[in-house]
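Working notes for the structure below.
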Amino acid sequence: MAGQLRLTSGKDEDHFQHQGAVELLAFNFLLILTILTIWLFKNHRFRFLHETGGAMVYGLIMGLILRYATAPTDIDSGTVYNCGKLLFSPSTLLVNITDQVYEYKYQREINQHNISPHQGNAILEKMTFDPEIFFNVLLPPIIFHAGYSLKKRHFFQNLGSILTYAFLGTAISCVVIGLIMYGFVKAMVHAGQLKSGDFHFTDCLFFGSLMSATDPVTVLAIFHELHVDPDLYTLLFGESVLNDAVAIVLTYSISIYSPKENPNAFDTAAFFQSVGNFLGIFAGSFAMGSAYAVVTALLTKFTKLREFPMLETGLFFLLSWSAFLSAEAAGLTGIVAVLFCGVTQAHYTYNNLSSDSKLRTKQLFEFMNFLAENVIFCYMGLALFTFQNHIFNALFILGAFLAIFVARACNIYPLSFLLNLGRKQKIPWNFQHMMMFSGLRGAIAFALAIRNTESQPKQMMFTTTLLLVFFTVWVFGGGTTPMLTWLQIRVGVDLDESLKEEPSSQQEANKVDKDMTKTESAQLFRMWYGFDHKYLKPILTHSGPPLTTTLPAWCGPVSRLLTSPQAYGEQLKEDDVECIVNQDELAMNYQEQSPTSSSPATKLALDQKSSGLTLGKENIYEGDLGLGGYELKLEQTRGQPQMD
């Protein structure tokens, strides 16, 4: 071996441990500084630089200091030694050095061009996170919180549009970015900046899929603060939530695309196999997440855990996390599973929780989401200097900037035109321009890019992704408020209090669940809400009509077993609305809440009197439900007792 080896002693190991504590402390102070800056921004209503942009700035400063103010601690770390006797890479390796045996663990494969001059810098290596930390620790709380805090009323009103943008729009963005980048790659080969065969079309599609993941967290935070039009907020929020899940599964499907003959040629069988993998993984992850939420709902319904809020909250958290881990263990996508687990938990399990657990779960995941987001954005700034294998290519970066803007335009404007053909409440041009402007890149694109940085194309993608995130967060995030003013989008809208806070009672939760429909998918909603109200809600929660009144007589034992005793009492008090949309009219079945009223006028008066007791309640006769010219009728639900 060339040179004398410096062996690690027990004293050196203690030094490394103390050094690790110092590095974690530095990162901790970085987060503290970020939190204080956020308070300063909120206190002075400073909207030209969002908190996430500030976190990235602090990360950049810290990374700059670590990069150039620290020296390598192990001069032999970058030296390559040949082991001709090994035919494969074992998970652990025992090495005898001067009669002392040392154990080494496998980390990753490193190509010759990946060996950095900073390879021996222990501080930079420690500040470079394992990519799996993002997917297994930091991303799940963010995605679960997005599903758990989903404002269902406006989301389901615009569900058809949201699904179109999330699924079809993401696919369009992926293909457009892939095609444009393939053209720039060919130009790079022609200019001699890239070798022919180093960057294939599948690599371009892979880059397109990860860059299709939008993360307008900065824009949405400003929207929430300014109370922007609820429909615009919901379209953008709903698209970003589902778009993340679609982009992750799409990226995985492209990465396992493997034709039999030429691995980089188009193969019809391999293409349809990838499509099948996409659908199977997405459906399986959806089922896994929903199943864990159903189990949680049943446990919280049929046990007395509500008497012990700490245990109830702990069980809720662990089962929700298990949805992610089980999906990953089964070869599915944990992010998709935990997203739909959060949506289902909010729809069913939340109603079974005690008041303490409702508050605790909401605050717990809100806090975890806040902390995880700021950790990720701080680390983005760090990664620009601590990542040791950046590849900056001006032509590739220029092509990526052009590609994401063109792809966003090909996504928003054509799909909005098609959606407006069938919508009563059109998506106006200023909404479309704002959605085009809000296509920021963030945590998901960064996590997908950093997960695989072994080859030169992947390293170039990661570097470019990092720069795109910086640009979109700083420029587009900071320009959100001026853009709202320029596009004349209304702010300070208070049409739906549920956009600002969760329902404050069981009755309001049921009302929000039922008071939603859209002409674009009325038949589907009529079937779903009827099934949900009559069967799923009574099975999984204490609300809804007793199963003894909705199931056939021969199901008597099962219905009595699954019906909660509280359901009989709640049946008389429940303020539940079921929207049924037909071709010519809308019949709304409405259960009375007051024992002294049966007319709509009386009901409205009582709702106004009780508004002080039930915060966030919405008058169903006000605002635009998006029902067009349908006639609204009120009918007493058959089979339900009417209070006199």
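The backbone N, Cα and C atoms fix where each Cβ goes, and this holds for glycine too.
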- prompt: Regarding membrane topology, does Swiss-Prot annotate Asn43 and Cys410 with the same topological domain?
  reply: yes
Query: Any contact between the transmembrane segment (334-350) and the transmembrane segment (127-147), i.e. 3 or more CB pairs below 8 Å with pairs at least 6 residues apart?
result: yes
Message: Based on DSSP, tally up the residues of the topological domain 'Lumenal' (328-333) by helix, strand and coil.
response: 2 helix, 0 strand, 4 coil
Statement: Counting only residues at least 6 beyond its ends, the same-chain positions whose CB falls under 8 A of a CB in the transmembrane segment (46-66) are 26-27, 30, 33-34, 37-38, 40, 123-124, 127, 217-218, 221-222, 225, 373-374, 377-386, 442, 469-470, 473-474, 477-478, 480-481
- prompt: Which of 21-41, 236-256, 365-385, 430-450 shares the most C-beta pairs under 8 angstroms with the transmembrane segment (466-486)?
  reply: 430-450
Field: Feature contact check the transmembrane segment (21-41) with the transmembrane segment (387-407), CB under 8 Å, 3 or more pairs
entry: no
- prompt: Which residue counts does DSSP give the topological domain 'Cytoplasmic' (42-45) for helix, strand and coil?
  reply: 2 helix, 0 strand, 2 coil
Distal contacts, the transmembrane segment (204-224) - CB-CB under 8 A, six or more residues away: 47, 50-53, 170, 173-179, 181-182, 185, 232-233, 236-237, 239-240, 243-244, 246-248, 250-251, 254-255, 373, 400, 403-404, 407, 438-445, 448-449, 461, 464-465, 468, 473, 476-477, 480-481, 484, 499-500
Message: Within this structure, do the transmembrane segment (236-256) and the transmembrane segment (365-385) have 3 or more Cβ pairs under 8 angstroms, counting pairs 6 or more apart in sequence?
response: no
Task: Tally the residues of the topological domain 'Lumenal' (451-465) by DSSP class, grouping H, G and I as helix, E and B as strand, and everything else as coil.
output: 10 helix, 0 strand, 5 coil
